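Here is what TrEMBL says about this protein:
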REPEAT    28-67  repeat 'WD'
DOMAIN    30-356  domain 'WDR5-like beta-propeller'
REPEAT    99-141  repeat 'WD'
REPEAT    142-183  repeat 'WD'
REPEAT    184-225  repeat 'WD'
REPEAT    227-258  repeat 'WD'
Amino acid sequence: MSLKRTLDGTDGSKEGATASPFICLPMFGEHKRAVSAVQLAPSRLTKDNSALCASASADGSVKIWDLGDPHSPIGKDMQEKRGTQNINDDYLLHPVATLLGHSRGINDVCWSNGVDPFVATASDDKTVRIWDAQTSDALVEFRGHDNFVFCCSFNQASNLVASGSFDETVKLWDVRSGTCVSTLPAHSDPVTAVSFNRDGTCVVSASHDGLIRVWDVATGECLKTIFAAGNPPVSHVTYSPNGKFVLAGTLDSALRLWPISVSGKSKCAKTYTSEYHTNTKYCIASRFLVSKPERRQCIVTGSESGHVILYDVQSRKVHQLLEQVHKDAVLAVDAHDQMELLASGGMSKDRSVRFWMPKDDVELAKRQRQD
């Protein structure tokens, strides 16, 4: 099973390949309260070998972090920003933009899939907003949910935004008009995650009611309902890159990969658990790391123990347990679409946004700089 096969024609395997372990980069971001979500910008929005990251927080802000070329944290541009500071010391980044306007905490942030640097946010003030990340301007505000809005997602065309709320509904919003085009009576408990498939014809939702539901965007029909044995609350769900599976996190400290064919019953394809993977209280994100499938195909997730964990998709084993730099639970993680670059965010006792790359990549960049 290769999650990348239908995207680039490769089988995602390389006999005898050894992947370099991820290390924490010296630069980091910071919020005043817990980091609720992080998302790295799609590569088409940035120059070659550069990266942007959006982070959302309970402090009511979204911050945009410019990593420059993360392969070269000791490059001249970073040295100029850091002055005489030792290149091996951690240093605080300054956000290139701060998005302010929500009256309460922000639960989720996502980048659009188009050519414009737009982000959507979901907030406890019951609204969804779309922002220009370059100018920090709020462009559209969606009102209609009756309770906290917990999650949001753009479709591939970026003309629709899906949102999930504590009011137990999923709403689909027209980006241009700012109107709600569909309200799905999705669940009987708060909606914790929404995710569009690759062609935007379906959206999947997850809830504390223990159900994962796949919806037809055009008709609003529920096409499929999935649940694990024991019906544990679902804390997160996302489509796989090839659109054939959904990955769900549940409050029994497990991740499950489900085939998503509409016909017939869904049997869980793989389950991922570890002694370091604790998830019984909070909604913790998980992402696919398949930017370099010849190196590795992994699932990245956080943990209430403060760890960031990489699971090997195929073997289900822990591929790497990242260095425990966060001082609190890690609810927010993301993986870049082209580079082997990860982002993570910590809760209230930590409040930092951290970035990770393979050790070999960082050391190679250092040698090239020195030469």
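Even glycines carry a Cβ here, placed using N, Cα and C.
Those TrEMBL annotations? Automatic predictions, nothing curated.
Among residues of the same chain six or more beyond the repeat 'WD' (184-225), those with a C-beta under 8 A of the stretch's C-beta atoms are 147-148, 150-157, 160, 162-166, 168-172, 231-239, 241-243, 246, 248, 250-251, 258, 260, 262, 266, 283. Outside the repeat 'WD' (227-258), and at least 6 residues removed from its termini, the chain residues within Cβ reach (under 8 Å) are 2-7, 189, 192-199, 204-212, 214, 266, 268-273, 277-288, 290, 299, 301, 311, 313. Residues 107-114, 118, 120-124, 126-130, 189-196, 198-200, 203, 205-207, 215, 217, 220, 283 of the same chain lie 6+ residues outside the repeat 'WD' (142-183) yet bring a C-beta within less than 8 angstroms of a C-beta in it.
Along the repeat 'WD' (184-225), the predicted structure has mean pLDDT 97. Each residue in the repeat 'WD' (184-225) gets a DSSP state, and the totals come to 0 helix, 22 strand, 20 coil. Assigned with DSSP, the residues of the repeat 'WD' (227-258) fall into helix, strand and coil as follows: 0 helix, 17 strand, 15 coil.
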